[in-house]
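Peer 1: Right, I'll just put the structure down here and ask away after.
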Amino acid sequence: MSDISYLERQNEAQFGDFVALLKPRVMSLVVFTAFVGLVVAPVPVHPFVAFTAILFIALGGGASGALNMWYDADIDRVMRRTKGRPIPAGRITEGEALGFGLALAGISCVMLALASNLFSGLFLAFTIFFYAVVYTMWLKRSTPQNIVIGGAAGAFPPMIGWAVATGSISLESIAMFAIIFLWTPPHFWSLALFMKEDYSNAGVPMLTVTHGRRVTRLQILIYTLVLAPVAIGTAFTSIGGPVYLAVALALNALFIKGAVGLWRRDEEVALDDRYAREKRFFYFSLLYLFGHFAALLAEAGLKYFELGGW
Ligand code: HEM
Ligand SMILES: CC(C)=CCC/C(C)=C/CC/C(C)=C/COP(=O)(O)OP(=O)(O)O
């Protein structure tokens, strides 16, 4: 793995470069789901404990992003979407990113265990390992199912939030996991549809490269159809309710409608319109996930209000 030496560095690393290693934009939604997992749990958590726990989960997520960028420096240099990142741009060396990621991972796991409980700290460590090693180092470069299995890493955070409050796993935390797990393929494959050139240049076996657009669009539709009952069904668990049910029904109807629109034969749609639809679907996938977890938060607020919490 080639690495520029400290002396060869093209540009001086700035604080912002180390922040960029943490993938803050992606991790913002990840951390939101962890926060919701903590708040909807049936065990109240002191606000200071909740704040520190979410902070260390966020730093743990960032650490996994830094380790991902350390290992992916070679393919990031090739892909248009990622070649401006700190390591391929020569602002941070791979060794610095590795050291930063490992240090942050260790600190965040230990501090989460101390701030909440050992189980949560271990769960965070496992999640970092799953993303940095199982997904980034193994699955991503070896199978078109990479993001399906690797997607588990992105689905663990609400379970960690729940574990901070309860020290355990439950049907509800598994339901939140399942929503993100089944959401990840439509989320990512819609991006890969309009980013296909990048992945084939980098030699990464994403489904769009190995099986083409039509299979990818069919897989997106299948996952949205499997996801809908799981997401809607969560309304009937202890963390759901009428507000969540209404939001889930609307968002899943729109998500399936979008997936059907993508699945329409490519030939029927002009190229520019095709990319526009894929990009729209990708960005809607973010609203989809945020909307479900925001509705769970609203249900928790309503329950707290009904119990006379205010
Ligand atoms: C293995 C699972 C996942 C894969 C392969 C994946 C892939 C991607 C990629 C390639 C991007 C574009 C980012 C960029 O160009 O910098 C992206 C954006 C994003 N992802 Fe995912 N993602 C995954 C899981 C998740 C999860 C679990 C969440 C949140 C819970 C998430 C939230 C986001 C957000 C918020 C963005 C937009 C970031 C921006 O606007 O720059 N992703 N995803
Ligand atoms: C608490 C904790 C450890 C959370 C981790 C959550 C997690 C794994 C989120 C997935 C984020 C993501 C963009 C994955 C894509 O990696 P990629 O390498 O396919 O994307 P890239 O090509 O943009 O680098």
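Each residue, glycine too, has its Cβ placed from N, Cα and C.
All annotation found in TrEMBL is predicted automatically rather than curated by experts.
The transmembrane segment annotation in TrEMBL covers 26-43, 49-71, 92-115, 121-139, 146-168, 174-194, 215-236, 242-260, 281-302.
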Peer 1: Restricting to the same chain and to residues at least six past its boundaries, which positions have a Cβ under 8 Å from a Cβ of the transmembrane segment (26-43)?
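Peer 2: Distal contacts: 50, 53-54, 57-58, 61-62, 65, 154, 157-162, 164-166, 172-173, 176, 180, 238-239, 286, 289-290, 293-294, 296-297, 299-300.
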Peer 1: Who are the chain neighbours of the transmembrane segment (215-236) in space, where the CB to CB distance is under 8 Å and they lie at least 6 residues beyond its ends?
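Peer 2: Distal contacts: 172, 175-176, 178-179, 182-183, 185-186, 189-190, 192-193, 207-208, 242, 244-245, 248-249, 251-252, 255-256, 258-260, 262-263, 281, 292, 296.
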